[in-house]
Amino acid sequence: MAMAYLAWRLARRSCPSSLQVTSFPVVQLHMNRTAMRASQKDFENSMNQVKLLKKDPGNEVKLKLYALYKQATEGPCNMPKPGVFDLINKAKWDAWNALGSLPKEAARQNYVDLVSSLSPSLESSSQVEPGTDRKSTGFETLVVTSEDGITKIMFNRPKKKNAINTEMYHEIMRALKAASKDDSIITVLTGNGDYYSSGNDLTNFTDIPPGGVEEKAKNNAVLLREFVGCFIDFPKPLIAVVNGPAVGISVTLLGLFDAVYASDRATFHTPFSHLGQSPEGCSSYTFPKIMSPAKATEMLIFGKKLTAGEACAQGLVTEVFPDSTFQKEVWTRLKAFAKLPPNALRISKEVIRKREREKLHAVNAEECNVLQGRWLSDECTNAVVNFLSRKSKL
């Protein structure tokens, strides 16, 4: 959530510098000038159809839609070229300018054709690696299954390293609320693909409210607080199966789980200070308790990346397994847990956790308030500029 807000704020800011920052690719469109021209009504219907898409078409397609819309309604690009650090507006300008002198009628037709090609996404589902049994419906970013007394919530954006976008935040909350009431005995979170989760998705910057950056920061803080609260209040045993690298909030939340099992190829990284931010997920409280204040400081403030073995030695991870046998060993154990008396598990968790719950909610509220201020700071924006410039040189 923090990363997504920062990406948007960075994109809105023009910083005079010689740094080269990654931006969206210039859109290349193949136009058919002899195609039948779409009517104005067809054009308007297509604009409405875009709002009904259930699956995010991706940034490149969004830029194409933007460019074609501008070309169809205003003609060739007539805006001055934005500065190099005004990432979003520069990407929009590049996309629109690439259309050259394409007639409005042709742009309108291409807009209609593009939207028509996207229509299958109204019914498409998220991609799942072969062998994954999808038994849930209604989720675009998750695979949720319930079998053998286990509800499994799998992050399902493997091509994006399971980065958490706004839709996934809401879907995880919905899945947790459903799992708290279903017949399963335990609930497991894991990732599809090579990553457990790479943390927040930096492309969460398009839904900007009329109130601008201040309202965006406030809304994100409210969402983050509610999201973390779902983990604090979850009544059943909650287990993380960390199948690969974990970054940011996917790490900080682990202090709220009842058990954490990791592959030996997993790593744990919280680069908050590098991005001018502060801890989240109650980690400012749970991590010092779990691993000592000194070790928590090394990770949360100085951004040390832990191996699975180091995370286990410091108490963040329950047990580490060889990657070659990880899935088999862990799921054998989880199936055994799911055969234990369910009421005993819930009651025992309540006894262990209830004294901390009020404190955790207070910590969560404080962390979100602090982050709201950090997201609005120049220091935070500058840190993200430096991060993106380094990334572009890799």
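Every residue, even glycine, has its Cβ placed from backbone N, Cα and C.
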Per Swiss-Prot, Y66, A67, L68, Y69, K70, Y111 bind acyl-CoA; matching candidate in K51, K81, K92: K92
Position flagged as phosphoserine [Swiss-Prot], chosen from S101, S117, S348, S389: S101
Of the residues S119, S292, the one that Swiss-Prot lists under phosphoserine: S119
Neighbour count (Cβ, 10 Å) for K289 (N6-succinyllysine): 12
Which of K51, K90, K92, the listed recorded positions, has fewest other Cβ atoms within 10 Å: K51
Packing count at D201 (substrate binding site) (other Cβ atoms within 10 Å of its Cβ): 25
G199 (substrate binding site) versus recorded positions K51, K55, L68, Y69, K92 - nearest by Cα: K55
Among K55, K161 [modified residues], residue with fewest other Cβ within 10 Å: K55
Other CB atoms within 10 A, centred on G199 (substrate binding site): 26
Least Cβ-crowded entry, counting other Cβ within 10 Å, from the binding-site residues listed as A67, L68: A67
